[in-house]
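As annotated by TrEMBL, signal peptide applies to 1-24. Annotated transmembrane segment per TrEMBL: 227-250, 292-320, 326-350, 362-387, 393-415, 456-477, 483-505, 517-540, 555-582, in sequence order.
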Amino acid sequence: MDRIRACLVALVVLSLCGVPQVRSSASDHRYKAGAEVPLYANKVGPFHNPSETYRYFDFPFCSSAPVKEKKEALGEVLNGDRLVSAPYKLDFLSDKEAEIACKKKLTKGEVAKFRSAVSKDYYFQMYYDDLPIWGFLGKVDKEGKADPSEYKYYLFKHLIFEILYNKDRVIEITVRSDPNALVDLTEDEQVNVDFMFTVKWKETETPFEKRMDKYSQSSSLPHHLEIHWFSIINSCVTVLLLTGFLATILMRVLKNDFVKYAHDEESADDQEETGWKYIHGDVFRYPKHKSLFAAALGSGTQLFTLTIFIFILALVGVFYPYNRGALFTALVVIYALTSGIAGYTAASFYCQLEGTNWVRNLLLTGGLFCGPLFITFCFLNTVAIAYKATAALPFGTIVVIFLIWALVTSPLLVLGGIAGKNSKAEFQAPCRTTKYPREIPPLPWYRKTLPQMGMAGFLPFSAIYIELYYIFASVWGHRIYTIYSILFIVFIILLIVTAFITVALTYFQLAAEDHEWWWRSFLCGGSTGLFIYAYCLYYYNARSDMSGFMQTSFFFGYMACICYGFFLMLGTIGFRASLFFVRHIYHSIKCE
């Protein structure tokens, strides 16, 4: 078992370092004239539903040779890639003109299937020497026809490949359909189709190392950069105004508080205290459900670490466009390897809060994020299986993920928990906690938890919402996003705004003599995740053309998991900032 575990750890570390994706980048293939260059058909699906994709040969395409499947890495399978040998032979430097790839007699049912695909704007995706190409299956002729029953449906049967090369390497490939070579699919009748293709080779001076640049530069066009920089400026202005305002107010108020409390101590010992000093004996009283609280902090810390590692990999260039599956591989591997951080943080904090059942706390930590994610995955994978889509994971991939969880994630979580339990750290409270809690005075409605969460989540969300559109259009559409440096700046701004607004609300809560700030600071910090999910509703209805049960369930299901992850991560940031602030202000006065 130890040997198997060691091999699996080595495998995932290699995956993290990018070994499985080396061939997906600019794989250094050199070819001689007439050599076979691999062309793989990947998937087909409705253009506006990125999650609803199917295997290429699930549709009645033909092939002149036995279809061979290409072995995929873990991340590529999670990405829905299912590469098979395409029916077209594109030999290096071999021009071809209207050559027949294969012939197919379509039955009535196959004609109806193609017609349905054409009506829904189905596209196909292929890879040629690891370069992606796309095209549409057909077109709908609506010209001069008001009644949909009069529409004409056509299948493209002739593909024209234009390939650029530099010496013995492939640099670029595009594909287009011959608008004059059409097959009428309007009627449910048997049709004979000759699938043809043309290949045109042209020389270029573009160096091999820059062949992927055209995909990266699409998100760096001037008008896109202007919008991104407007987003940055908007966020920075928000941060400056907010932090300046809060810093000025808090510094002035706190200074007055310190002077007042110092004067009170010198003048009259029996004078009644008010404000946040009045509750000094309760402010460090441990929160209710402290095991759940510690588990949430552990999960949030792990997700924050995961996010930082993902940004590091993005900034060093690992996630260039169409590095198939690199992001999913990194997410799985880094999450598994950082589970020890969750175990250590949760168990250490739980023991600081004088918790005793640390084993239950570890189980809660392990399932707090993975549990909802697993339930969501089971439901969505069942939907994908019912649709026979490529989003349905093969049994072997599920076994691999289970082994990673069982042999890497869980042991590291336990080891981190043991280390946290044995750290012997004590909770640093500058004030002694009284035996009985003070009664919290009646508070106005706007000081309740939900209104406070609304105020706390709106400001951080307003700093990132412009960038959110581009992220959504990349994840749930066909836009390419590569400006990770700007995204990282926005992320830092998000953290700063979340910390400041949570600290401000915590101070006002303590000033109102409400000492139950622990959960409130976590909920207020994480409330931005709820605003992001609300933005999902807006994006789905107003900014996208997604439709159908499968795509809708995938979008809202996985976005719920992502927003829940943001909730845990930002909640942790909010609480840590508030804890630092509360300790600081109570250290600055004499509480005894």
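Placed from the backbone N, Cα and C atoms, the Cβ positions cover glycine too.
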Restricting to the same chain and to residues at least six past its boundaries, which positions have a Cβ under 8 Å from a Cβ of the transmembrane segment (326-350)?
-> 12-13, 15-16, 18, 20-21, 24, 73-76, 78-79, 290-291, 294-295, 297-299, 301-302, 305-306, 309-310, 313, 318-319, 358, 361-362, 364-366, 401, 404-405, 408-410, 412-421, 423, 425
Flag the pair the transmembrane segment (456-477) / the transmembrane segment (393-415) as in contact if three or more Cβ pairs fall under 8 Å (sequence separation 6 or more).
-> no
Could you tell me whether the transmembrane segment (483-505) and the transmembrane segment (393-415) have 3+ CB pairs under 8 A, leaving out pairs under 6 positions apart?
-> no
Beyond the flanks of the transmembrane segment (227-250) by at least 6 residues, Cβ under 8 Å | 459, 462-464, 466-467, 470, 483, 486, 489-490, 493, 496-497, 500-501, 503-504, 507
Spatial neighbours of the transmembrane segment (362-387) far in sequence, C-beta under 8 Å, 6+ residues away | 52, 291-292, 294-296, 298-299, 302-303, 339, 342-343, 346-347, 393, 405, 409-410, 413-414, 417, 549-550, 553-554, 557-558, 560-561, 564-565, 568
